[in-house]
Amino acid sequence: MPDDFKAERQKEVSSNKIVLYIKGTKEQPQCGFSAATIQAFKLLGKPFHTIDVLSNPEIRSRMQEFSNWPTFPQVFVGGQFLGGCDIVTEMYETGELKKVVEATFNS
């Protein structure tokens, strides 16, 4: 049986403009880094999709194969990997995150 893990993740990130792989849910994040990342996207006011890696052990254990990033959250905008909490926070503070998100929604 072929391994569809990467194909499934690619479908998730390409069928949603913003995808956050987080610990917990949008309503109840289970770590401070996930909470901070969610807050940045809420402040931008655009819809975003979240996937709880705590409720899906396969995604949690294998996501690094897809993103080459070892920690969560993992953020994808416009099908492209942006990074984790520190990168998203820095991009938010400089205004770069808003530009990337707006460009994604305007394309």
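Glycine is treated like the rest: Cβ placed from N, Cα and C.
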Going by the glutathione site in TrEMBL, where Lys23, Phe72, Cys85, Asp86 are listed, which of the candidates Arg9, Arg60 is also part of it?
Arg60
Among Lys23, Arg60, the most crowded of the binding-site residues [Cβ within 10 Å]:
Lys23
Give the maximum pairwise CA distance in Å, whole number, for the residues Lys23, Arg60, Phe72, Cys85, Asp86 listed as binding glutathione.
19
How many neighbouring Cβ atoms, not counting its own, are there within 10 Å of the Cβ of Asp86 (glutathione binding site)?
12
So what's the average pLDDT for the domain 'Glutaredoxin' (18-81)?
97
